[in-house]
Amino acid sequence: MHRNAVMLAVVLLGNLMLPFISAQNAGFVKSPLSETKLTGDTFELYCEVVGYPTPEIQWWYAEVNRADSFKQLWDGARKRRVSINTAYGTNGVSVLGITRLTLEDSGTYECRASNDPRRNDLRQNPAITWIRAQATISVLQKPKINASDQTILTADTSSKQVILQCNLTTAHTRHKESFWMKNGQDIPNTRTEQKDTIYRINKPRADDSGEYMCVYTFDTAPNANTTIEVKAKPDITGHKRSENKNEGENATLYCKSVGYPHPTWTWRKMDGKSPMELDNSTGRIFITNRDNYTELNILNLDINTDPGIYECNATNAIGNNAQTTILRVRSHLAPLWPFLGVLAEIIILVVIIVVYEKRKRPDDIIDDDEPVGQMKTNSTNNHKDKNIRQRNTK
C-alpha cells in the first residue's frame, strides 16, 4: 500500500476512535521554574499539560506577599511587555514572556490548566476545576557598571594600545569575580576579583574589533555585564582570485571579512564603465549573506554572458572594502582540445609523408626488370680486364 495512503488510514482510524477514548484529567508535563532576574532583562516561563480533551491553559499573577490575590495575564499587557503564545494539539503548550523587567514584575506567576466542562462556570470553585503550577520571579536592581566608551580602529591606531576598562560602582551584593568576553566567547586569563578590570589590545587590527563585555559574577544573583564596542571598517581576508568552469556547470564565488559592525554585502559584475549590481531576482543567481561571509552562486553557466570580473563589496558604518574575482567559462569542447591538437599533428604528418612519397624521383627507384646476375657478370669482367692490364704493364 502506498505510504501516504497508510498515513491517511491511520489518521482516519484515530479520528474514528476518539469518541471511544475515555476522558483523562489534566496533568502537567512541564511546569514553570522560578528565576532571579535583573531589571531590564527578559524572562520566559514554559508550561506543558496533557489530558483528554486537551486542557485549556491560562496565566495568572500575584504580587509579592499577596499570593491570595491573583490577576489573569493577557497577551500584550503591561504596555505590550507581556507575550503569551499557546498551542493546542495532543498536549497543550504555553510560553509566557515579559521583556524590559522592572522591580514591579517580581511576584508569583501561575500556569493554570483544565479540561473540566465546568471550568468557566463562575459558580464552581476554581481550586477544584483547575490545576495549578507556580513559579516565583525575583527582579533585582541591575548593578551599575561604569565602562569606557566605544573605540574605532583606524590606520593611526594600529601602532597604539587600546585599553578597555570597567568599574563596578554599585551592586545589591558583593561580587565574586569579573572576566572579559569577546563576541560571546570567554577571553582566557582575564578573571580577577577586582571591581576595576582592564583589558588591553596591543597593535589592534580589524579582526580585533567586535563586542567586548565585562562580566561580574555574584553568589546569590545573576551575572551583571556591560558591553563596549570596538569598531573597524571591513577588511576582506578571503576570496577567490579566479574561477575556471565549463559552460553549463555551476560557479561559487565567496568573500569573507573581519571588522565590526558586520558589513552589508553587495555583488557587482564589472562590465566596462557601468557595473551591474546582482541580486536573487534572475532565478539563476543566488546570493547568501551571513555576518562576515557572503557567497555568490551562478547556475548553468553561459559562455556568452557570465564570464567577467565579479566584485564583492563589504560596507559598514566605519567604511567599506572590495575585492574582485575573475570568472572564466570554457566551451564544452575545451576538454577535447588536447586530443584534437594531437590528432591534427598526426594528420599533418601523414599528409607530409604521402606527398613526399609521391614526389620521389624515378631514378631513385630500382628497376625490378633488370637481371641481377648480368650486373654481377659485368662487374666481374671489369675486374678481370683490370688485372690483365696490370700484368701487361709489369
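Cβ coordinates are placed from backbone N, Cα and C, and glycine is handled just like the others.
Note that TrEMBL annotation is computational and uncurated.
The domain 'Ig-like' feature in TrEMBL is assigned to 19-129 (among others).
Feature annotation from TrEMBL assigns domain 'Ig-like' to 143-231 (among others).
Residues or ranges marked as domain 'Ig-like' by TrEMBL: 234-330 (among others). Taken together, the residues in the domain 'Ig-like' (234-330) have a mean pLDDT of 94 on the 0 to 100 scale.
Feature annotation from TrEMBL assigns region 'Disordered' to 365-394.
Annotation source TrEMBL lists signal peptide at 1-23.
TrEMBL lists 336-356 with the feature transmembrane segment.
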Where DSSP helix means H, G or I and strand means E or B, what are the helix, strand and coil counts for the domain 'Ig-like' (143-231)?
3 helix, 49 strand, 37 coil
Let's see if you can do this one: DSSP helix, strand and coil counts over the domain 'Ig-like' (234-330), in that order.
0 helix, 61 strand, 36 coil
Over the span of the domain 'Ig-like' (19-129), count residues by DSSP class, listing helix, strand and coil in order.
13 helix, 53 strand, 45 coil
